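Peer 1: So that we are looking at the same thing, I have put the structure below in structure tokens.
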Amino acid sequence: MLKLLCLLLPLVAVSASPIDLGSQKDYLVLDLPGLSHLSETQRPTMHAGLLPLNLSFVADDDTEYFFWRFSKQDVDRADIVFWLNGGPGCSSMDGALMELGPFVINPKQEVEYNEGTWVEAADVVFVDQPGGTGFSSTTNYLTELTEVADGFVTFLARYFHLFPADVYKKFTLGGESYAGQYVPYILKAIMDDLKSDSGQLPKELYLKGALIGNGWIDPNEQSLSYLEFFIKKELIDIHGSYMPGLLQQQEKCQNLINHSSGEASESQISYSACEKILNDALRFTRDKKAPLDQQCINMYDYTLRDTYPSCGMSWPPYLPDVTAFLQKKSVLEALHLDSSASWSECSARVGSHLKNKISVPSVDILPDLLQEIPIILFNGDHDIICNCIGTERMIDKLEFNGDQGFTEGTEYIPWFYNEVNVGKVISERNLTYVRVYNSSHMVPFDNTPVSRGLLDIYFDNFEDVEYNNVSGIATPVYDVDKNITYIDSNDPRLQNGPKSSSTDDSAAHGNPFFYYVFELFVIVLLLCGLVYLYQYYSNSAPHSILADKHKKKSKNKSKNVRFLDDLESNLDLDNTDDKKDNSVMSKLLSSMGYQAQEPYKPLDKGANADLDIEMDSHGTSEK
């Protein structure tokens, strides 16, 4: 009787789906072009296909979300990561086939193994969302981030009905760029659902945390950082004839932000006048004498060039091969898609509908999330559109868990990968921030093995090291074929033996002892329930991923603005308190010989100015 109860437990935990989703075998991906060339250890177990949502808040809904799930063969991971790309309207197949998935696509449109795949550390599920993105389809395009979040919760309910064992894995939500809006909204919706007596999700779901890369979380801070970024990276001539126009646009953006009341009914995700700063900067810095494909700075990686006005829209360079791969009939069939299905990286229609006239920027809900779960924000330092300056200034001003920003005495810690300093990390009160060196808007695209180190930091899978008298942390280096982990090159190898799989589809793994192992698994599952309760209550308090010994105590807190600090010697700009940002801009204006019609000063946010403010979707895809 006990045996029967244990076997039925995963099914009881997930509420019945009103839709016939079939079985896991119906979604199994058995072959792909080039897969036979990979070693057995490099071939993941894969499931993919469309899940119908039947959204309750949409009449006659026909929305279907496409997912692609990867896990290591014969290995039962304790963690599962759901990954979302941004846009809005950009497919998560970017993440699956150009960033952190187990494959990259070669010029023959065949899969090759991705040496740094996150699938070595966790199961990973890539989801095209909202409807109309990538392979996902709909005739009912969503208009608010709250709707996007509710739609994803419905998708998860369908998914966990199909994969009930995944409910008991530690759930992490990850994404990049515009997913900086998606992820916080979805996290909030998941939390609300789990607390509701009528929620769609199983109560056993353990929400571990989130990772957001180059996130477009605070559009205002990002917009105000563009000009500073161009100046600091010497991408622009501060004495150029176009500078007064750029400064005027910066001032207009600042005034719009200052006049915003901050109330949900009047807030907007972004202002077109603020987005115009980046567009103008790219236009003014165009090199018309250069070859056509070198005339514009790549907004996703300032070290690269592109045609104008694309300015990075034709990047990454592997995109044509990915597109051709996903249009192959054999691939569509393997992914359980109709032969007439079409794929494009980004959908303008999704972005044009997602107006967010009611939804507030996700930075406003970030503090509440940080009370519940740890979140890692990471930024590649070559990105312009969602640059590290904007993210760091957002954190400086963010009030969370009893304080503003990271407190004085909380220091950046150097991060080493394979004895190379690849970034710096700071962590406190459930928030961790990582600046990743020599990386673009898509950090995993530039160096996937290093990006997996972000997951190791998130999993507390690192150790304290010292290289050349510099103390820091080091993340593992993985040897895939031998399934061995290195903490650093001087430490002995740590053997990670394969574990039995938790999936209920024996054909997926070809394990002849599967059913015996499964019986053992469900028994262990009951014990894990006790562990879950312990983790839930022990992790409820905000904490720092980094050890306390990296933090220096200080009685006094003093916050300085780093705005234009590289120019201080030339422009005679003093470090200024956060509350006086505008006075710093005023000094910059004066140093350029530019005088505004009115003094540039902070405006009363409560002032009822009659402003013609109109929000539109990003003119450039955030991928």
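Backbone N, Cα and C define each Cβ position, glycine as well.
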Peer 1: Among 246-272, 570-596, 597-623, indicate the range for which Swiss-Prot gives the feature region 'Disordered'.
Peer 2: 597-623
Peer 1: Over all shown protein chains, what is the count of other CB atoms within 10 A of the CB belonging to Asp383 (active site)?
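Peer 2: Excluding its own Cβ, the number within 10 Å is 28.
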Peer 1: Roughly how many angstrom lie between the C-alpha atoms of His441 (active site) and Ser177 (active site)?
Peer 2: 8
Peer 1: Report, as a single number, how many Cβ atoms besides its own are within 10 Å of the Cβ of Ser177 (active site).
Peer 2: 29
Peer 1: Just to verify a number: CA distance, Ser177 (active site) to Asp383 (active site), in angstrom, no decimals.
Peer 2: 10
